[in-house]
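The active site, proton donor annotation in Swiss-Prot covers H67. The substrate binding site annotation in Swiss-Prot covers P68, S84, Q85, R86, E87, Q88, F119, V120, L121, A122, A123, and the record cites sequence analysis as its basis.
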Amino acid sequence: MDIEKVNSMDLGEFVDVFGNATERCPLIAAAVWSQRPFSDLEDLEKHFFAFIDALAQSGQEGILRCHPDLAGSELQRGTLTAESQREQSGAGLRSLGADERLRLAELNAQYRARFGFPFVLAARFSDRTAVPRELARRLLCPSAQELRTALGEVKKIGSLRLADLLRADPAKL
């Protein structure tokens, strides 16, 4: 899909297409729509990320809370968004053994208890062995640093998803 197509979308179509660029946060797409026209993918990204950056900390934490646990119960039940399903499966998280799933569940619970939001990682840049290592490492980070890191991961995920959408055949959206 080209940027002209993006710029010609009405609000409903734009939210339908871009509403999950940030996991389960169609409000961001609805807000970004009013910033049209976009010159290119980077400009579109800039507006998505500026919206996130402009939020108060509680809003940023809310965005993080919209993300599922990696290899969590939603993956096991098959209730992830299509994007998260592909990303987590691609990182090998669907094929974890019972011990690996248990270890990740324990780390996810510790992380949530410590920071108040789920561990967010751009799974496309990771794999089943790196995820628990990174989760354990980030558990030791100061809260303010971890908020910045987690939001950086949200932006990596968003960047990949936006690029996927702009490369996609509009007839398949």
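Easy rule for this one: first residue shown is 1, then count along the chain.
Note: Cβ is positioned from N, Cα and C throughout, glycine not excepted.
Shown on the structure are the features that Swiss-Prot records.
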residue	record	Cβ neighbours (10 Å)
H67	active site, proton donor	23
P68	substrate binding site	20
Q85	substrate binding site	16
E87	substrate binding site	23
F119	substrate binding site	26
L121	substrate binding site	24
A123	substrate binding site	25
**Report entry** the residue listed as 'active site, proton donor' and F119 (substrate binding site), distance between Cα atoms, whole Å
**Finding:** 8
Report task. Using C-alpha atoms only, work out the spacing between the residue listed as 'active site, proton donor' and E87 (substrate binding site) and round it to an integer in Å. Result -> 12
Report summary line: L121 (substrate binding site) falls, by three-state DSSP, under coil
Query raised in the report: What is the biggest Cα to Cα gap, in Å, among P68, S84, Q85, R86, E87, Q88, F119, V120, L121, A122, A123, the residues listed as binding substrate?
Result: 18
